[in-house]
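K.L.:
Quick one: structure below, then a few questions.
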Amino acid sequence: MSLASYIDHTLLKATATLADIRTLCEEAREHSFYAVCINPVFIPHARAWLEGSDVKVATVCGFPLGAISSEQKALEARLSAETGADEIDMVIHIGSALAGDWDAVEADVRAVRRAVPEQVLKVIIETCYLTDEQKRLATEVAVQGGADFVKTSTGFGTGGATVDDVRLMAEVIGGRAGLKAAGGVRTPADAQAMIEAGATRLGTSGGVGLVSGGENGAGY
């Protein structure tokens with residue numbers, strides 16, 4: 001597989017304009033990235049600009065804090081799907097994970113899974129806030145809840161993906177779901193290391209630089 005085929009070309013900043021999203025979509029078409037990952041308000045525009053291409057439209061849910069109710073997440077995900085999203089990247093309720101309430105975390109994931117049975121569901125566990133044991137448990141709970149992918153990070157926390165975290169999560173997943181590394185994938189070497197550790201998708205705002213052999217200094 002080419003590096004481009006791993007990449008969710010991402011722009012989730014609050015300052016993103018419609019023109020920025022159009023550029024993102026044009027870059028995704030040009031480089032044959034797997035998907036664009038954008039905020040929900042831009043879904044219809046991205047759908048139109050990507051028409052006729054193989055690039056998927058991914059969006060976020062409960063982002064970036066995960067601190068809304070499961071019902072709100074389910075509604076947000078369903079509306080995004082109805083608007084044209086192919087993939088949903090949801091954030092778990094991090095507070096429940098830190099409190100050890102894994103039943104609540106799993107119920108949260110299941111609520112979104114039920115709301116969008118046809119969409120690819122990626123579950124963000126926000127590794128920067130978790131111990132290794134919590135990362136293992138969060139990964140397992142996400143898979144049990146119906147995740148198609150478990151994702152390391154929002155890119156808005158205190159840290160992003162690390163090779164060690166990707167390797168740990170991959171061991172827990174054991175091939176039952178995909179694994180998306182996001183945040184901190186800045187060079188082709190970073191990308192390759194994440195893939196070798198077990199990542200099957202990469203979230204980055206610097207995909208063009210990665211496939212061109214350069215560096216992504218954008219931070220996501």
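Glycine residues also receive a Cβ, built from the backbone N, Cα and C atoms like all the rest.
Remember, predicted model here, so these are calculated numbers, not experimental data.
Checked Swiss-Prot, it gives:
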ACT_SITE  Asp89  active site, proton donor/acceptor
ACT_SITE  Lys151  active site, schiff-base intermediate with acetaldehyde
ACT_SITE  Lys180  active site, proton donor/acceptor
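On this model, are these features tucked inside or out on the surface, and what's nearby?
P.N.:
Asp89 (active site, proton donor/acceptor) falls within a strand segment according to DSSP.
Here Lys151 (active site, schiff-base intermediate with acetaldehyde) comes close to Asp89, Lys122, Val123, Ile124, Ile125, Leu179, Lys180, Ala181, Ala182, Arg201, Gly203: these same-chain residues lie at least six apart in sequence, with C-beta atoms under 8 angstroms from its C-beta.
Cβ neighbour count for Lys180 (active site, proton donor/acceptor): 29 (other Cβ atoms within 10 Å of its Cβ, all protein chains included).
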